[in-house]
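**Q** Sharing a structure below in structure tokens format, with a few things to ask.
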Amino acid sequence: MSGQKFTLDHAKQLDNKDELASFREEFYIKEDGVYLDGNSLGLLSKRAEKSLLELLDSWKSYGIDGWLEGKHPWFYLSEALGKMSAPLVGAEPDEVIVTGSTTANLHQLVSTFYKPEGKRTKILADEITFPTDIYALKSQIELKGYDPEEHLIRVKSTDGHLLAEEDIIAAMTDEVSVVVLSGILYRSGQVLDMERLTKEAYNRNIIIGFDLCHSIGSIPHELSNWGADFAFWCNYKHLNGGPGAVGGLYVNKRHFGKTPGLTGWFGSRKDKQFDMEHTLIPADDAGAYQMGTPHIFSLAPLLGSLEMFNEAGMDRIRKKSMQLTGYMMDLIAHELDGYDFVVRNPIEDEKRGGHLFLEHPEAARICKALKAHHIIPDFRSPNGIRLAPVALYNTFEEVWRTVQKLKKIMDDEEYKQFENKRGVVA
Ligand SMILES: *Cc1c(COP(=O)(O)O)cnc(C)c1O
């Protein structure tokens, strides 16, 4: 970049050329700050608010009849949202259902697909994944009567932040029954080569599933084409479904007809559910993986939100996201050289997800200083700062302002006014 590229004017030019710029106006944004935590909890959009209010109104207007009446009958809402989510993961509409939470869906899918047999008794994950994934896998192993110490293999990271696909593939031995990995790692933001890993697992007769919490709404996926067996995700991060939004899952159609590990009456064939028989007839698609009555008001915002993602399209979202994170890295390299920040996310565009991950010994209090200026980063213990400029509502100018502010906080040693300790939620 030449010097002119580091100016505010240049940031403004990039915003003027942004094809997705109009989406920002649909979000509730505080103009006196910069929200860079959309990978942890996305912001509310007017469309999501509208769809939530519509469903609240359907309760008011219809009472019990809301299950089948109104604009969005509750009985079919999880399926309707599954169809709307399918393009984001590259699946067929009936391969996706919006239900449960990440952790609950992981339990559901592993309880279905983990069938230890003979030598094949192990689950393969990695040592830097999100803790809930490991807790769930350990309990699934214990439920089958095995010792997680021995039966959960955690692939080592190359440097504490990244994974090498070769290492994962090398660990796919004939003792492995199921592999569970993230599409994008929650700390470093590394994008794993899901297509390659799926192919390698398939060639070895190993079932493979992906946690898409950080990748859905951030990068395009081709789950059906790749042939991935299953996937699961939350909808409150990049998808802006609201705190505690209902999650989602995908099951490849070659597995349709299996009885899920954890059954419940909402997994019934729709036309059979109210026969109230004690023998379950599971839905013949991903709907079978539902358990109980859906949480309608935690599904509702997704109607508005997913509509926006489908309008914007994942290719355009990914393109702008790469531009935003790339631009932010260039500014950091230019403005913050010599300030002890270490960039831990992958540098290459294809391997870099929707956020940057910086390490700094004073990270906790640098985050507090940013927040005092209404710039919202995401602290990750012990010394990580995640910064997520997201495509639908962040601007290049915000990225520019953030890096300028960060430089000022360092130059003036403003962070020293705060304790270098994390809060309860961080
Ligand atoms: C956010 C996140 C979760 C959260 O799980 P919940 O059940 O929704 O609380 C799980 N795994 C990963 C990788 C995440 O990023």
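Using the three backbone atoms N, Cα and C, a Cβ is placed for every residue, glycine included.
Source: prediction; values computed, not measured.
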**Q** Could you look at THR158, THR173, THR198, THR293 and say which one TrEMBL places alongside THR102, THR103, PHE130, PRO131, THR132, ASP133, ASP211, HIS214, TYR236, TRP265 in the pyridoxal 5'-phosphate site?
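**A** So, going by the record in TrEMBL, that would be THR293.
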**Q** Any idea what the Cα distance is from ASP211 (pyridoxal 5'-phosphate binding site) over to LYS237 (N6-(pyridoxal phosphate)lysine), rounded to a whole Å?
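**A** Distance (Cα to Cα, whole Å): 13 Å.
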**Q** Going along the chain, which residues six or more apart from THR132 (pyridoxal 5'-phosphate binding site) have their CB under 8 A from its CB?
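**A** Expected: THR102, THR103, LEU106.
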**Q** Which of the three DSSP states, helix, strand or coil, fits THR102 (pyridoxal 5'-phosphate binding site)?
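**A** Looking at the DSSP assignment, THR102 (pyridoxal 5'-phosphate binding site) belongs to a helix.
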**Q** Which residues of the same chain, at least 6 positions away in sequence, have a Cβ lying under 8 Å from the Cβ of THR293 (pyridoxal 5'-phosphate binding site)?
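**A** Listed in sequence order, they are PHE266.
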**Q** Please list, in sequence order, those binding-site residues from THR102, PHE130, THR132, ASP211, TYR236 with the Cβ less than 6 Å from ligand 1.
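**A** THR102, PHE130, THR132, ASP211, by Cβ distance under 6 Å.
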**Q** Would you count the other CB atoms within 10 A of the CB of TYR236 (pyridoxal 5'-phosphate binding site), including those on all shown protein chains?
**A** 23
